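J.: Got a structure for you, written out below as structure tokens; questions coming shortly.
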């Protein structure tokens, strides 16, 4: 990707061109911010395609150029290709110690030391043990967008899990939001900005809910 922009050259500069909107530059298809070693930034805006070229402007959008479409090909990574997803710890019946589930003013606690909780803890451990964080709905959710996923503080269900790793006690906290309508539920880690899609059945197990409902 770096090599492509290092050798960036315009095919031509438009003289007496039309408005930015006419070239797709009012609302660009791609916006690329390049930062040099001194921290100086150059912003490139790629608009409509014309033949084998893109319309391009930069920074203050005062001049318009055309550049080869090949320039952008190396940039066309999806967020899935580029994002660093979270890693969920290995948790199972052998190292799950305590679970606290809360929603609003309601709170439920389960403990490995309570024999009456054995079945519930096994169900929760089964869900946590197969949890994989690989399908993201939002890679960097903003605070004011949490509500559309049901992940705002008022709506979400919070699950705090205490487990052991190398004989040390650790905790991880999950937020559960609403369903997406396709058999999944929106889920976040408390220290992450990524919203994941997790199958409803796994979520029900993790929350010790009736999977038949």
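Heads up, the Cβ atoms here are built off N, Cα and C, so glycines get one too.
Any TrEMBL annotation is an automated prediction that lacks curation.
Heads up, here are the entries from TrEMBL:
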DOMAIN    6-118  domain 'DUF4340'
DOMAIN    122-201  domain 'DUF4340'
J.: Summarise the domain 'DUF4340' (122-201) by DSSP state, stating how many residues are helix, strand and coil.
T.: 17 helix, 35 strand, 28 coil
J.: In the domain 'DUF4340' (6-118), how many residues does DSSP call helix, how many strand, and how many coil?
T.: 17 helix, 43 strand, 53 coil
